[in-house]
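The block underneath contains the structure these notes are about, expressed in C-alpha cells.
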Amino acid sequence: MSSNQDVPLPFTSSRPLPSRQPTTSRPGGTLKRNKTLTRPERHVAPAPLVAPPTQSFSPTSPLPQSDGFLNIDWWRLWAYATTFWAPPVLLRWFGIKEKQSRQAWREKIALCWIAVLLGGVVGFVTMGLQRALCPADQQNQSMYQRLGDTNMTLSISGWAFNISTSITQSNVDFYSLANQMPGQDITDLFTRSVSDYPACTSSLAYSSGAFCNSTSSSSGTSCVLSSMSQETFDSLQIQNTSLLEGYSWDQVAKLENYMVIDGYVLNMSPYLSFNPTAVEGDEVDSIIRHVLSNQTGSGKDATRLFFNRQVPQDAVGCMKARYVAGRIDKITPGCFVASFFLYVSLVVILAVVLARFAMACVFNWFLSEKLVKPVTEKELGRKGINPTIMPEGANVSVNNKLGTAPWAGGGGAAEGKGGGVGPGKKLVNGKKINPLSPLPSPSHSLPNAPLITLSQIGPELFTVCLVTCYSEGPSSIRGTLESIASTNYSDRRKLIWVVCDGMITGQGEKRSTPDVCVGMLDADGRFGNPVPMGYEAVGSGQKRENRAMVYAGHYVSRNGHRTPTIIVVKCGMPQEATEKKPGNRGKRDSQLILMNFFSRVTYNDRMTPLDFDLFRKIWTLMGVTPDYFEAVLMVDADTRIYPDSLKHLVNCMHHDNMIMGVCGETRIANKRQSWVTAIQVFEYFISHHHVKAFESVFGGVTCLPGCFSMYRIKARKDGDNDWVPILVKPEIVNEYSQSEVETLHQKNLLLLGEDRFLSTIMLRTFPRRKNIFLPQARCRTVAPDTFSVLLSQRRRWINSTVHNLMELVRVRDLCGTFCFSMQFVVFMDLVGTVVLPVAICLTFALIVNSIITPPKSFEEAIPLMLLAIVLGLPAILILITTRKVVYVAWMLVYLLALPIWNFVLPVYSFWHFDDFSWGETRRVEGEIRSKGHDDSTAVFNGTTIPLRRWEDWEKSRLRKLRREEKRRKEMERQFGAGFHGDPRLGGDLRGMGMGERPWARSEYDSDNGSLYSSEEDMWGGEVGGYNEHNPAFPPPPIALPPTDDPVSNINGETLGMDEMAAILDSGFDDDPQSQSTYPPLSHPRPHAHPPPPPISRTLANAPSPVRRHQHEYNAPQPRFNRIDSPSFGSGPNSARSSPHSADAGRYAAGEYVSIDRQDTNDLDAQMPHSGGSVSSSVESRPHGVGHAKKRSGGGAGIGAGTGARGGGYGPLGPLADVNEVGRGQTRGYGGSGKDR
C-alpha cells in the first residue's frame, strides 16, 4: 500500500453504478418526504466574535455577504460622527499619535455617548415620565370629591364647600340646593368683575357676557350674593374643603349645558342665558353650541375642537377660569399610561428580583447538594467510550477502524501497535505490514476495547490543575501549590501544570517567578536540564513566536503528598533576551498552551516541539497518555483551594454530562487588612450565592472566574459511543487564540477579560450545555488592599463585562423564552451595568425626596418599595444560605460603599475604555506603564516552528537515540570505555538515556518507509536532550488498575502459595549495600510498568531558568562534557540513590503489576542467559488468597552491564548485585534471552 493511504481510491469497477434505492420503507408503503428540517448540515454556525469568517465550502459556514450598503462599518461611522470635533491633528497634538490609539479613543467617546443616552433615558423614565404624562394637577385622585356623593356640600369655581353650618339667607337656600344635588355648582350666584379674570381680554361673547345668574330671576343680570372672598365665606359660615369637585363622564353627559375642555367641567348655563341665540361670526360660540347640541350622549368633550384652531385655543384659558364647575375625576390618558408603565415596571423588576432570590435559594438548598454526592457504583457500571478513541473529525487513518490514537495501541511509543502508527515491518516480497492494523498487545494494564466500563477509570477523573503565574511571590505560589497537592484527591489522578509567563521578577521580589517555581519542584532527574521549545504564541509581529522550557517532577507537600508537576517557563526568542519581560505573552497565552496541547492530542493534530515535549513528560509522570485527561482546573497563583474542592468539582462533572464548566465560591483571605478589602467581602459573596446561583438554574453562568474554575476537556455523548471535545474544540481554541485585534470591542474582549470571554465563547458554541456554580467547592484569594489596585482591577472587570454581555445578548439559543429567558436576564444585566452611575444618583435623589415629601399614595411608594426589596433580600439570602449573621455586618459595610461601587468605579471604567493594560494589578520590577496600543512594526511572515504529528516526532526521537548510540559505540571503539564524555562515567549523555544500561529497541527504530534516513533526520534538535525511558530510572507509575480481560491471562499459569513464596525469597537480597536504583533493561511503555515511586531530585545545583535562558542563547554547550561533569542521573552516586528499598512490601501487596518485556530487545549485543528464572506478577487479592502467574519466555537479561554499579529493578523491587548472586544471573525477568 502506498504511503498516501488517506487518499480515497478511484472507482474502477466495470460493474454499473448501483441503482437508486426505493423510496418506500416497506412494500406497500407510501411515498413520504424525508425529515429535511432536522439535517444537521443546515445549522448555521455562529460567526466568530473577533475574526471575520474565512471562505469555506462547509455547509455549516455562514453565507458570504456581498459588498454593499449593509456592509458599511456603521460603528466606525458613528464613532467618527460623535467625535467630528476632534480631528487627527488635534488628537496628535494632545499626545495620541498612533492610529489605533486614535480610533480606540473615538470608540471610547462613542460608547460614553451611548452610556449617557441610556442614562438619560433611564433618568427620564424614572423622574420625568410621570411629570410629562400626568402633571401634578391631574395625578392626585385623592383630591377629588365626586358630585352627589357627599351631603351638605356645594361647589364654587370647582372647589367643594361644606354648608352644614351655613346661615340661611333670605334669597338663597343653601340646604335646598344641597338636597337637590350635593356638590352642584353655585358660582354664578356671586358677584364678579372683569378684574377677577385677567385671562378674559377678548371682545367675543364668551369673554364679555354677564357674570351673574339669579336663581329667582331669568334676566341673568342680578347677583344675589356678594363677591367671592374669604370675608363673604366667613359671613355665610361655609368652609372650603380643599377638595376639587369631581364629575364622571356619564354625569357630564346628563347635565344640561355642561361640557368638558382638557379635563375641566364647564357650566355654560350663564353664557347661554346671556346669549340665547347664536352669535354671527363667532367661532367659539359655534363650537359651544355644536358640542352642547350634538354630543349629548358622549360626555361632551370639546378639547379637540378647541385646540384645532388658534382662535378657539386662545379662548380656553378664559373659559376655564370663568365657567369652571369642577374636574373630570377619572384618570386622564397620560396619567393612565404613566401609572400603567409604573405598575409594569414594578411587576417585571419585582418578578426578576424575587425569581433570582427564589431560584438562588432552591439551587443552594437542593440542586447543588445532588451534584456533590459521591459517584455511585451504578453510574460507574455503565459502558463508555475508551479515552484512547479519538472523536469524530480527528486525523485517523482509513485503516484505523476504531479510531484509536496512534500512541494507544498495545502500549505506546515503544511499540506502535493496535492502532498505533509506525513505519511498519517489511515482508519478504517487499510489501509493508499495515501499521494501523490491530495487532495483539502484550500489555493489558490499560483497556483496549472501544467501550469500557467507567469503573475502569474510576470516580476520580484525570485532571489537570493549571496554575498561571506572572509576578507573584514565593508565599503566594507555594500556598497555591500546597493547597492543590493537599486536596483529598489521588495524586495519581491530578497533574499540577504551572505556567510562568515570562522571565519576570515581581515588584519587591528578590527572585524571578520562574526561579521561585522551579525551586519548589522535586525534579525528575531523567529529564535533565530542559531546553527551550518553540510554539506559536498569542501576539503580533515577531511576538507570534515564543519558546518555553518544561520542567517535570513532583511537588512534595508538607503532609507528604507527591503530586506530579509540570512547570512551563516561557523564556522568549533569542532577540528578547535584553527586554524587560522576555517571553511574556499574557495569561491567555498561558491558558492556550494547555488548550492547544490537548486539542492537538484529542484530534491527533500536528504538534509543536513544546507539545511533543509536554506529551512525553506527562506520559512518563502520570503513566497514561494525555488523552486520558477529561477536566482542567484553572487556578490563579494567589488562590488557595479547600481540601475537598477538587473532589466536589469532579463529582459535579460525573453527575451531569452536560456540564462543560463549573466554578466554586471565591472568598477573600485578607478581608480585614484594610477598608478596601472590607468593602469587597459582601460583594464577593453576593456575586456567587445570588447572581451565579440564579444563573446556574438555567445552566448559563456568564462568567466562570479564572481564579477558580473547572472546564471539561471532552465529554462523552449521550449514547457514550463517541467523544465531544468541549474546551479543546477547534472553534473555541481558534477564536480564543486570536492575535490580531483591531477594534476597541475586540481588545476589551481579549486583552482584559479573557476568563469571561472564554465563558462567552463556550456558551455561544454550546448553548445547550451548562456553566454552573458549585457553592460546596471553595477557595480563598487575596483581594486588592489598596484603592489604586482595586480601581485598576475593576476597570478591567467592568469593561470586559460590558463587551461580553453585548455579545451574549445576541445569542438566541440560551435557555428560556422572551422575558423568562437567560437572554432577557443578560439584557437587563447589560443595561443595568451601563446605567449604574445614573441609577445610584437617582437612588439618592429618591431617598432625599422621600424624606422631604413623604409619599401619600401607593404609587408614590412603589420606588421606595423596590429599593427596599433590592437591598433587603440579600440579607435574607445570607441568613438562609449561610446562617452567618456576620455577613449582615459585611453587607452594611458594602452599602456604605455603594457610591464607590456604582458611581466611582463605573465612571472611571467607562472613561478608560481605551486602556487595555493591567494597570496596578500586577506590577513588575522596572515595568513602564502601557495602555496596550503597542503597534508592532514587525510583520509575522510565517513561523519557523515545525508542526508535525506525534508519529513523526516519535520517529525522529528514536532515530536520534539510534544516532547517539551509534556515535557512542564508535567513540568506544576508537577510545575505549573511558573516552571523554562516556555516559557510563557521568557524561552529559546520561540525560539521553546513555547510562550503564541502554534503552529498549523498538520497531520505530526502523527507517523503512521514512522520508529521511536515520542520518538525515533534521528534527533531532527539536526533540529534547533526554530519554524518558532511561533504565537508570524507575518506570512510570501504574495509573490504572489491571483489567479483568481474560486475554491477559493466556500466557501464564497459576502458582500455589508455596511456589509464590519461593519466588519471593529468591528475588531479594538482604544486604542493603547491594541495592541499586537501576530498573530492568528496556523501555517500558509508561502505562504498562509497575513503578516504584520515581527517583527525583531537586534542581538546586542546576542553573536557574533565567540563567538557563541566557546560557542557551549565548554559550552553546559542547557535545561531550568532561568526564567529571555533574550529571542529573540518579544513580548510586546520587545523595538519594536508593530510596526504594522498602518498596518490596508494596509489590508483594499487589500495588504494582509486572513489567511485560515483549519486543524490548537491547540495541547492544545479546546478554548472557540468566537461566530459568521466572517473572511473576502479584495480583491484588484479599489477604491469604493471592496467587501469581508464571510468564513464559523472557526478555534480555539485565545482569550484564550492571555489575559495575549494582543491580537494577525487577517487578518486585530492587535486585541484588550480580556479584553477590552469581555472574551473569538476574533476579526478576528470566528466560533464555532468545525466546522473544
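Every residue gets a Cβ built from N, Cα and C, even glycine.
Marked as compositional bias 'Polar residues' by Swiss-Prot: 1-27 (among others).
As annotated by Swiss-Prot, compositional bias 'Polar residues' applies to 53-62 (among others).
If you look up Swiss-Prot, you'll see 1127-1140 (among others) marked as compositional bias 'Polar residues'.
If you look up Swiss-Prot, you'll see 1170-1179 marked as compositional bias 'Low complexity'.
The compositional bias 'Gly residues' annotation in Swiss-Prot covers 1193-1211 (among others).
Per Swiss-Prot, compositional bias 'Gly residues' is recorded for 1225-1236 (among others).
Secondary structure from DSSP puts ASN395 (N-linked glycosylation site) in coil. In sequence order, TYR603, ASN604, ASP605, ARG949 constitute the residues six or more apart from ASN395 (N-linked glycosylation site) in its chain with CB-CB distances below 8 Å. According to Swiss-Prot, the feature N-linked glycosylation site maps to ASN395 (among others), an assignment based on sequence analysis.
In sequence order, PRO643, ASP644, LEU646, LYS647 are the residues of the chain that are 6 or more apart from ASN488 (N-linked glycosylation site) and have a CB within less than 8 Å of its CB. Residues annotated as N-linked glycosylation site in Swiss-Prot: ASN488 (among others).
According to Swiss-Prot, the feature N-linked glycosylation site maps to ASN799 (among others), an assignment based on sequence analysis. Over all protein chains present, the Cβ of ASN799 (N-linked glycosylation site) has 27 other Cβ atoms lying within 10 Å. Mapped onto three states, the DSSP output places ASN799 (N-linked glycosylation site) in helix.
According to Swiss-Prot, the region 'Disordered' annotation covers 1-62 (among others).
Per Swiss-Prot, the feature region 'Disordered' maps to 1065-1236 (among others).
Taken from Swiss-Prot, the feature topological domain 'Cytoplasmic' applies to 1-76 (among others).
Non-local neighbours of the topological domain 'Extracellular' (98-108) in the same chain are 75-76, 79-80, 82-83, 86, 88, 91-92, 742-745, 747, 911, 913-914, 931, 933, 935; each lies 6+ residues outside the stretch with a CB under 8 Å from one of its CB atoms. For 98-108 (among others), the entry in Swiss-Prot reads topological domain 'Extracellular', with the evidence type a curator's inference.
Sequence annotations record features per position, and here Swiss-Prot assigns topological domain 'Cytoplasmic' to 130-334 (among others). The predicted model assigns the topological domain 'Cytoplasmic' (130-334) a mean pLDDT of 84.
Annotated topological domain 'Extracellular' per Swiss-Prot: 356-823 (among others), in sequence order.
The topological domain 'Cytoplasmic' annotation in Swiss-Prot covers 845-860 (among others) and rests on a curator's inference.
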Give residue numbers and ranges for long-range contacts of the transmembrane segment (77-97): same chain, 6 or more residues beyond its ends, CB-CB under 8 A. 103, 105-107, 109-110, 113
Looking only at the recorded stretches 109-129, 824-844, 861-881, 885-905, which one has the largest tally of CB-CB distances under 8 Å to the transmembrane segment (335-355)? 861-881
By DSSP assignment, list the helix, strand and coil residue numbers for the topological domain 'Cytoplasmic' (845-860), in that order. 11 helix, 0 strand, 5 coil
Intrachain residues whose Cβ lies under 8 Å of the transmembrane segment (824-844), provided they are six or more past its termini: 114-115, 118-120, 122-123, 126-127, 352, 695, 698, 702, 798, 801-802, 805-806, 808-809, 814, 816, 818, 867, 898-899, 902-903, 906-907
Same-chain residues at least 6 beyond the ends of the transmembrane segment (109-129) whose Cβ lies under 8 Å from its Cβ atoms: 75, 78-79, 82-83, 86, 338, 341, 744, 831, 834-835, 837-839, 841-842, 845, 863, 910-911, 913
Same-chain Cβ contacts of the transmembrane segment (861-881) under 8 Å, 6 or more residues past its ends? 126, 342-343, 346, 349-350, 353-354, 357, 360-361, 364-365, 682, 685-686, 689-690, 775, 843, 846-847, 850, 855, 887-888, 891, 895
Counting each residue once, how many in the topological domain 'Extracellular' (98-108) are helix, strand and coil under DSSP? 10 helix, 0 strand, 1 coil
